[in-house]
Amino acid sequence: MSLAPLARIPKAELHLHIEGTLEPELAFELAARNGITLPYADTEELRKAYLFADLQSFLDLYYSLMAVLVTEDDFEALADAYLARAAEQGVRHAEIFFDPQAHAARGVEMGTVVEGLHRALARSEARHGISTKLIMCFLRDRSAESAMETLEAAKPYLDRIVGIGLDSAEVGNPASKFREVYEAAGALGLRKVAHAGEEGDPSYVWEALDILGVERVDHGLRSLEDPELVTRLVRDRIPLTLCPLSNVRLRTIDMLEDHPLVKMMDAGLLCTVNSDDPSYFGGYVGDTFHAVHEALGIDHERVRELARNSFVASFLDGSAEDEALRARYIAEVEAYELDDISG
Ligand SMILES: [Zn+2]
């Protein structure tokens, strides 16, 4: 089914876990290639398993399916499949997360992951019309020492990685635990983001800002609960990478109609809309634009604002070349025809 023009407005995707783009068909293909037997009869049965009941059943499936990702070729195929999908969804620039610790735990080394992903990313502009950057995430439910070892393992590949992030189970794993590794990454010239305020209260966002020094907050969904935090985020123009379909599927909010996106935009927050783990959460980023337009009654100017914000919030500011690319993308957003379409 082809996507409505509103959903295909040019945009950047800033909150996307590459492991969360694994579709059932590719999972079976890679499993066959690597001689792995999946505990599902076929893609249909696996697709049903994607309709998980809660966070834990999602995480169980998410980590168990990663077993099919073994070689550089597998990571290349995964990224290439995402980029092809993203192109259909109007994505012009993607800043892609990956979780090296989840792969190291299975004996897959940093170099295999980074080089495999990089192969697909390096030809993405030519093949898919999408510029890319790669962000390495630490699993916050692992130790600070493990994060530091991961940063060390990444040192030979820093020309391929723009920044670091922090993901996985938030509550009980505050940002302060990772102060040292963020300082070390900053000294290496890496950009900083972190998941915060998804399930955790606003104190998690404060810690990400004040202790880790993040430039962008992933989720920040609960920020409105703290007016002082809102003032800070607005004052410093700290972008939030919201993922509305993820929030519904993981039961952080009950229904999309309850999502605070509009209130957050009204409060002056620099909001972006993203897909998080699209193969698991029921839609890619263009689908997400369509869904919030329908459920929240977001008008065309707000759709354009979200698209513009995605480039403003991107890391396309590290060089004159990047700045020029960003200006070109924003011009595409401004020129995009929305008025005569029904959405
Ligand atoms: Zn995420």
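Just so it is clear, glycine is given a Cβ too, placed from its N, Cα and C backbone atoms.
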If TrEMBL gives H15, H17, D276 as binding Zn(2+), which of H103, H118, H195 does it give for that site as well?
H195
Express the distance between the Cα positions of D276 (Zn(2+) binding site) and H219 (site 'Important for catalytic activity') as a whole number of Å.
10
Checking proximity to ligand 1 here: which recorded positions out of E198, H219, D276, D277 have their Cβ closer than 6 Å to it?
D276
Of the recorded positions H15, H17, H195, E198, H219, the one whose Cα sits nearest to the Cα of D277 (substrate binding site) is H17
Between 0 and 100, where does the mean pLDDT of the domain 'Adenosine deaminase' (10-320) sit?
96
Quick check: of the recorded positions listed here (H15, H17, H219), which one has the Cα closest to that of E198 (active site, proton donor)?
H219
For the recorded Zn(2+) site formed by H15, H17, H195, D276, which further same-chain residues have Cβ atoms within 8 Å of the site's Cβ center?
L16, G20, F97, D167, D218, H219, T241, C243, S246, N274, D277
